[in-house]
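A short worksheet on the structure shown next.
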Amino acid sequence: MTAIWSVDSDAFLENAKKVKNQQPMMAVVKNNAYHYGLEFAVKQFLKAGIDTFSTTSLKEAVRVRELAPNATVFLMNAVYDFDTVRENEIHMTLPSLKYYYEHKNDLHGIHVHLEFENLLHRSGFKTLDEIQEVLQDHQQNSNQDKMIISGLWTHFGYADEFGVPEYDHERAAWLEVLNTLLDEGHHFDLIHAQNSASYYREGQVVLPHHTHARVGIALYGSRPYSSLDEEVIQQSLTVKANVIQVRDVQQGDYCGYSWAFETQNDNTKLAVVDVGYGDGILRTRAQHEALINGKRYPIRALMMSHMFVEVDDNVHAQDQVVLYNEDMRIDEYTFKGVGANSEQLSAMNHDSLIKEYR
Ligand SMILES: *Cc1c(COP(=O)(O)O)cnc(C)c1O
């Protein structure tokens, strides 16, 4: 018996189509497509009619290019391996004025998207003035073989925060930059800003003048914020393990390493389950339940390869123990404080779990 990580391919595709909502979409496939598998995800997204992808690593961008020869591939991090970017026709962010002046000659023939920094402060031009400076310098650059300005973009850091003004601020600052540049007559083939939270906050449509929404987590079946209905986004992932044996313990018995769980009642039944943090179950997840034969039972201790679940007479050796499925969703536990959706997805150990696509 080994715990299983499994994805229902049809459900994944159906969700992607539903999220896309016939809007132009750039699928974010960073970190091995949120750990759903880069190759699997790109193929499903192509089937869903998505032909534009973005990631943070050049290695992944090159792999996407192989998988999708005709797609637009956008690299959200600036890199210094200019030849690889050029040879693979990868679009790349232009992350600062300093980078531009240091590398404008290296960037010849490369499609760049000017990035506006905004509240996240991770990357991008600080002000409209800086962007205008680049546009002007570029226009005056008489070099025949120079970089190609193809896009304009930003990233929102607060789209999943409600009851605070930050999202409205970053949204307004961005639209001001965008509209000013468009009013000045500048044109960009690609304009993109919205992550999943922003996309849904705006009514599951792209903002005016934008060519794409740049969506990640929703495409992978988790809701970016809790007030969204569960039906709107559907999870295709199941993570399940097995009951190895059920043990009786008595009041006062300490179970697990170093007094992990103190038994409260006599004749308590603990199911020993073959999954643990070594398989990627977050420690915070163990403060909640596991689903056995359709019923939720409390997890009592988490170890590297095992967990204890307190059960009743209805649970037996070899029963399946669900940690995540369509009824026990990653996002449910995110909203209970376990950690970001992407954090739990990223932690899954694909080497120790059996990995299958159904
Ligand atoms: C991860 C990421 C996204 C996607 O965000 P989700 O919340 O998963 O939709 C979009 N843009 C950038 C720059 C990112 O790093």
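Heads up, residue numbers simply count up from 1 along the chain you see.
Glycine is no exception: its Cβ is also placed from the backbone N, Cα and C atoms.
Any TrEMBL annotation is an automated prediction that lacks curation.
Note that the structure is a prediction, hence the values are computed from the model and not measured.
Here is what TrEMBL says about this protein:
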- Lys30: N6-(pyridoxal phosphate)lysine (MOD_RES)
- Arg122, Met304: substrate binding site (BINDING)
- 236-358: domain 'Alanine racemase C-terminal' (DOMAIN)
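Taking the features listed in TrEMBL, we show where each one sits on the structure.
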| residue | record | DSSP class |
| --- | --- | --- |
| Lys30 | N6-(pyridoxal phosphate)lysine | helix |
| Arg122 | substrate binding site | coil |
| Met304 | substrate binding site | coil |
Neighbouring C-beta atoms (10 Å sphere around the C-beta of Lys30 (N6-(pyridoxal phosphate)lysine)): 19
Between Lys30 (N6-(pyridoxal phosphate)lysine) and Met304 (substrate binding site): CA-CA distance (Å): 27
Spatial separation of Arg122 (substrate binding site) from Lys30 (N6-(pyridoxal phosphate)lysine) - C-alpha basis, Å: 16
Under 8 Å by Cβ from Arg122 (substrate binding site), counting only residues of that chain that are 6 or more apart: His155
Model confidence over the domain 'Alanine racemase C-terminal' (236-358), averaged pLDDT: 97
Cβ neighbour count within 10 Å of Met304 (substrate binding site): 11
